[in-house]
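Have a look at the structure below, then the notes.
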Amino acid sequence: MIGVRLRPITSPPAVPAEKRIPRVIPGIAAFHENSEPEKGVSRDMRDMAVSGTAKERGGAVGWGQGWDQAVVLWLWVIAGLVLAMITVGGATRLTDSGLSITEWQPILGTIPPLTEAQWQEALEKYRQIPQYQLINKGMSLEDFKFIFWWEWGHRFLGRIIGLAFALPLLAFWFVGALKPGYGVKFLGVLALGGLQGVIGWYMVKSGLVDRVDVSQYRLALHLTVAFVILAWVVWLALDLAKPSTSTVLPRIAAPSRLPGLIVAVLFAQVVLGAFVAGLKGGLVYNTWPSMNGAFVPYDLWAIEPWYLNPFENPVMAQFNHRLVAYAIAALAALELWRTLRNVERSGAETRSAVLLMAGVMAQVALGIWTLLAAVPIGLGIVHQAAAAVLLVIAVRHLHVVRRSA
């Protein structure tokens, strides 16, 4: 019988823990979303891992093949155009130009009057509405051209934004450059933009009969939708540039709800600001910090029935706008304190909170200046544009906090 020598089975030599190379299996960490992170894993390491896995996921489709930066840049351009639209809209309102064009012609209205006869025809149409008959009676053609160009420019910029959004969106969709799941979101923005055009005409129409200005209710709706579009576009740009980590790696901590609350209160302040503008509330009680010596003015509830005061009493409109401004400043200060006291927060989150606090204080100071000066056109325009910029800062901060959680 032939003898067989059996070699004993031995285990491979142990590798010291500090020399071991961790295996990274894309997507496997998603199953451990609620688990505790390993000690010694910094936020920077997590962000690097997320960036790598995100690229691996995006590489299988058109998104991530060099199109991601183009789509993000396009969204920021759209956000800039919307910000310009909000600014021009403020100028149109403050110069009382919004009723100078009494028709809504989405296609033909693109071409302004080109001849003397066409200008006279446009002026004659304006002469038929109460604003001309009660306020601007006898207005010269040159003065009419001034208000006409503001309103025409506002509408024309809206058309430019529509084309600048729709045409690249169609091209990106055709080449497969959109990240999966985002096509519907882009269509939502496009639909809301189209609806905004309808709302704009709905607002203008309210001032053509029995009024010398537009309805403050419709103005509030129009301005709020503009800010919603801006915030939505900015969020999409941020999300595509730096996606949330929550679906890739375990959370270090639950995200704070305070940044979201700040964004919500900012939207409420936009609505209140629209009522101040629509009711000419910036022209009453041009004192600060008191309202002509009183912190609660005597005519706060001057209108009957009482529940109409927040919407139709310019005194209460200004009073509410002041109070919410103080509340936003307090919330921003609380958010800054929260980030500074928490050593686990990333540097990006802290810097973002500092920027938010600075933006809020600048806007509060600008608002006080505008009020004390009785709302000159220049300051009023800057105040409205600064509100849009502040919303962008707040939305960005919310996104940073969500990513850092």
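Count begins at 1; order follows the chain as displayed.
Every residue, even glycine, has its Cβ placed from backbone N, Cα and C.
Record features (TrEMBL):
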type	residues	note
BINDING	HIS321, HIS383	heme binding site
TRANSMEM	71-91	transmembrane segment
TRANSMEM	156-176	transmembrane segment
TRANSMEM	182-204	transmembrane segment
TRANSMEM	216-238	transmembrane segment
TRANSMEM	258-276	transmembrane segment
TRANSMEM	323-340	transmembrane segment
TRANSMEM	352-371	transmembrane segment
TRANSMEM	377-395	transmembrane segment
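Remote same-chain residues near the transmembrane segment (323-340) are listed as 256, 258-259, 261-262, 265-266, 268-269, 272, 349-350, 353-354, 356-357, 360-361, 363-364, 367, 397 (criterion: CB distance under 8 Å, separation of at least six residues from the stretch ends).
When Cβ-Cβ distances below 8 Å are used as the criterion, the transmembrane segment (71-91) is approached by residues 63, 97, 150, 153-154, 157-158, 160-161, 164-165, 168, 172, 177-179, 222-223, 226-227, 229-230, 233-234, 236-237, 240-241, 377, 380-381, 383-385, 388-389, 392 of the same chain, each at least six residues removed from its ends. The number of other CB atoms found within 10 A of the CB of HIS321 (heme binding site), across every protein chain shown, is 21. Using a Cβ-Cβ cut-off under 8 Å and counting only residues 6 or more beyond its ends in the same chain, the transmembrane segment (182-204) has close neighbours at 98-99, 101, 104, 106, 155, 158, 161-162, 165-166, 169, 173, 214-215, 218-219, 221-222, 225-226, 228-229, 232-233, 236, 240.
A helical conformation is recorded for HIS383 (heme binding site) in the three-state DSSP classification.
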